[in-house]
Amino acid sequence: MKITKICCIGAGYVGGPTMAVIAQKCPEIQVTVVDLNEERIAAWNDTDTANIPIYEPGLDVIVAEARGRNLFFSTNVDKAIDEAQIIFISVNTPTKTYGKGKGMAADLKYIELCARQIARVAKDNKIVVEKSTLPVRTAEAIKSILDNTGNGVQFQILSNPEFLAEGTAVTDLLHPDRILIGGDPSEEGKKAIQALVDVYSNWVPAAKILTTNVWSSELSKLTANAFLAQRISSINAMSELCEKTGADVNEVAKAIGMDSRIGSKFLKASVGFGGSCFQKDILNLVYIAKSYGLNAVADYWEQVIIMNDHQKRRFSNSIVQTLYNTVSDKKITFLGWAFKKDTNDTRESAAIYVADDLINEHAKIAVYDPKVSNKKILGDLNYLETRNAEANANSVRSFLDPYEACQQAHAIAILTEWDEFIHYDWQKIYDSMQKPAFIFDGRNLLNGPELKAIGFVYQAIGS
Ligand code: UDX
Ligand code: ADP
């Protein structure tokens, strides 16, 4: 089967970059990314690619190259579904906020709506690809909807989880560690798998393209994220022990990371992991394990989240304690709000929870993040529903200039590891702050000895 038309439903952090790279690498395939969100699609179509809705290093250049040639962004979902041979589903699957599985299970309503729309529109055979992270056996549910509500056409469902990390999405897509494609073992299933393999073969070496059954593929994605998050919770657990024992977590991480069986990546102690995937995927895993009665398995993985929540809370507690047990009406400046550097995504960012704790203590939070807007910051806090929107707006203010954000602050908290923070004029910042001037480095980013020499009281994680 020669693929000439692809559609992707969902123009978010996964769909946008992934389709841009497919379009760049496969100029003979027409790639249409559709979304219900008109504002988002308009931003993807902005003549100035600096204004595309997702900040990812290098993405603007790829969009500029492919857009209008074989990459299109549109709100006409039906048309794109109708024309495509392969339809990627890349919509959001947030944790349920209501009903059974509330706070744990993935909310599959957007996925189901997509499946029903595809079934209604499709007039010829389609390959439907799950790109969003999904609970195991979602493919089965999609298939059931498609087969029972469709127009009698054949659907093949593939699981093709995305392993890109935000902030490095373009590099991850161009040079993936592996591409995973799960499908049905039937002849028709194999043909569908091969069609998708052929798309990726345009730039990914064959040895890196792995094919499995659908369930292994779905579960591998959850497992990969659970293992990665577990490493962070493990090193964060050690960071607390380091603080008590006089060990330095950076030294411990380096020492264990040189063991080739352990490896050096994902051992950076921090204020806690964030992002749209880790927590959601582990909660999914826990929910699935519980639903099969596997309580020991569920408890084991849940501990990764418990440790992460503890680390965020420990950070805000330490700020309050160090500032003489009160932050009431004190200006605390957050450098960084995004969940990691080089992205404008803030979903589940540790900054949100630390700010929420400090606002409960009546602190005044000032925020500077190079890529996150005030609207998003307030939206994140309002989403927690800890207090009303007016109270949040009165407690948090964001700045376009980091030096202004730090003026007259009692303390600075580093919440995101943006490179630019390293190169600030820290003497100038020190001179403008209340004394003693505190820095709480939630990312172990800054040069502690240098800051102490200036006069700061500097606290890092795990030392
Ligand atoms: C993750 C997975 O890495 C990716 O493969 C999957 O497709 C989606 O989920 P992402 O959430 O975008 O990607 O970013 P990642 O780099 O994994 O970071 C997640 C969080 O962990 C961030 O808050 C980051 O700051 C934190 N982190 C990461 C640490 O605290 N320490 C580390 O050593 C690494
Ligand atoms: P992710 O990080 O998984 O890419 P995002 O929230 O960034 O998640 O993007 C998901 C996108 O999917 C959103 O822009 C949302 O508007 C879109 N979406 C959700 N449901 C549908 C649907 N039924 N049809 C089209 N787009 C949808």
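Placed from the backbone N, Cα and C atoms, the Cβ positions cover glycine too.
Here TrEMBL flags 10-15, D35, R40, 91-95, 132-133, E166, 277-280, R347 as NAD(+) binding site. Mapped onto three states, the DSSP output places T95 (NAD(+) binding site) in strand.
Annotation comment: TrEMBL describes 162-166, 221-225, R261, 268-274, 339-340, R443 as substrate binding site. Here the Cβ of N225 (substrate binding site) has 22 other Cβ atoms within 10 Å, regardless of which shown protein chain they belong to.
On its own chain, C277 (active site, nucleophile) has T133, N225 as residues at least 6 apart in sequence with a Cβ closer than 8 Å to its own Cβ. The active site, nucleophile annotation in TrEMBL covers C277.
TrEMBL lists 333-448 with the feature domain 'UDP-glucose/GDP-mannose dehydrogenase C-terminal'. Mean pLDDT across the domain 'UDP-glucose/GDP-mannose dehydrogenase C-terminal' (333-448) comes to 98 in this model.
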Candidates near ligand 1 among the binding-site residues G10, Y13, N92, T95, L222, G272, judged by a Cβ under 6 angstroms: none
Rounded distance in angstrom between the Cα atoms of F339 (substrate binding site) and E166 (NAD(+) binding site): 10
Annotated binding-site residues Y13, D35, N225, filtered by Cβ under 6 Å to ligand 2: Y13, D35
For the domain 'UDP-glucose/GDP-mannose dehydrogenase C-terminal' (333-448), the number of residues DSSP places in helix, strand and coil: 47 helix, 19 strand, 50 coil
A165 (substrate binding site) versus Q279 (NAD(+) binding site) - Cα distance in angstrom: 14
For E162 (substrate binding site), the three-state class that DSSP assigns: coil
Cβ neighbour count within 10 Å of F339 (substrate binding site): 24
Cβ neighbour count within 10 Å of N92 (NAD(+) binding site): 18
